[in-house]
Amino acid sequence: MLLGAAFLAGPASAAPTAEPPSTPVPIATPDGKLMSYVVNAKQANPGQTRLVERAVEDAGGVVVQSWPQIGVVVAHSTVSTFRQDVLAAKAAVQSVGATRTVAVSEGTPATADTPRTPGSRGAAAYKKANGQPHLNGFAAGEVFDVAPATDPGEAQQWDMAQINADDAHAITDGARSVLVGVLDSGIESTHPDLAANIDAASSVSCIDAGRPDTSAASWEPTTSSHGTHVAGTIAAARNGTGIVGVAPNVRLASVKVVNDDGFIYPEYAVCGFVWAAEHGMDVTNNSYYVDPFEFWCDDQSDQAAAKEAVRRAVAYSQKKGVVSVAAAGNSAYDLANKTTNASSPNDAPKPVDRVINSGCHDIPTELPGVVTVSSTTNTEALSSFSNRGLGVIDVAAPGSSILSTVPGGKYALMSGTSMASPHVAGVAALLVSAHPEYTPEQVVTALREQARDHSCTTTTRGAACVGTELNNSFYGEGIADALRAIG
């Protein structure tokens, strides 16, 4: 199928010419270093994609995964001139870019035979020692404090009251036909509050260099509790134990896009979004940013190509009926006024202090059509760590000290826009349950229109709030409201 020009067009918000260019971050690709690339076809169809595959092979690369639906190919190569050689196939190739700054640790699928120890790369130690407010791309929170809950229960869920989910549950817990994809670090399928709602047949891992793996063990959590916590907020079951999610009767699919080192590389995200599109998901939650750049810039060729691949995947999922919800991020950053960034690339020994501009985007949250969610506290103030931005934030939701499920059948408190986003994904699931005829665009519009207006508040960190009660930089259109959503 040949997709239209609008689908293949790049991001609408290119950097104005008056702005300074972003600081270059060259990605070295010496001979012998196994690197991962995305190669984007000029047209999204099987014929053009096959031409791209041939260009990859002619340049000495290996085709790892192809998505002709969106005209994206993932390739591995140890040839230093791979990018230039692929671009020589001008008839088919639109762009090519490295997806990370380091060698491919997982090896090339079907050829890698060297076992790898989880958590074996060194960048994490740098980030942890320097107190980065994110954890390997997760929007993890100001402190990322995980405390065991001694008496978990619905009565402790102030967050559900803030978004009126408790009142909504008197009307509906959501439709069983609705499927929410949790693009994250995996979901513990045996957790007593989640087991009944996990759709194993729709679950997958995308961390084998971007190739889907449906084996049961592949999409379970290994080194992180993040995905299990997110899943509980969306759809922990009403079963007389533990907690209750925003939409406790909908189904969950574990779409593992986070590797054991905590990275979400572009090829993992592309795999996840295409999988969601092809497997009937109604909503996806995305509590992460795509690594290794917190902001991917249009005026840097590697970054632009990778961003385009993810953009195509998100757009394709939306065309297939998927609503994408994403965390705004935890740097207390004004996404509407970008100037500098010092946290990328995060897979390198040390990030670069770089200039960025309005053509640099946090993905997937700043991609077209994605619902961008900021975080609130139990007093409805903006969480101090939350990103913000007039015209960027769509809605707000609770994200500070949220009680939810974690592996081992337990419960814990976590903070971050990672915790805010699944509240909105749950509300979206209730919306789809009540209005199965809605398109993704209609669901997004309803989320905004039915949000509870909130005036500006003060903050102890980052840019001050600007805008009106109807739409401002902290809350967007307001705090998500589950009761209004099903009205």
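Our numbering is plain: 1 for the first residue shown, then up by one each step along the chain.
Each Cβ is built from the backbone N, Cα and C atoms, and glycine gets one as well.
Among the features that TrEMBL reports, active site, charge relay system is placed at D184, H226, S418. Feature annotation from TrEMBL assigns domain 'Peptidase S8/S53' to 177-457.
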Spatial separation of D184 (active site, charge relay system) from H226 (active site, charge relay system) - C-alpha basis, Å: 7
Neighbour-count leader, CB within 10 A, active-site residues: D184, H226, S418: S418
PLDDT averaged over the residues of the domain 'Peptidase S8/S53' (177-457): 98
Whole-number Å value for how far D184 (active site, charge relay system) lies from S418 (active site, charge relay system) (Cα to Cα): 10
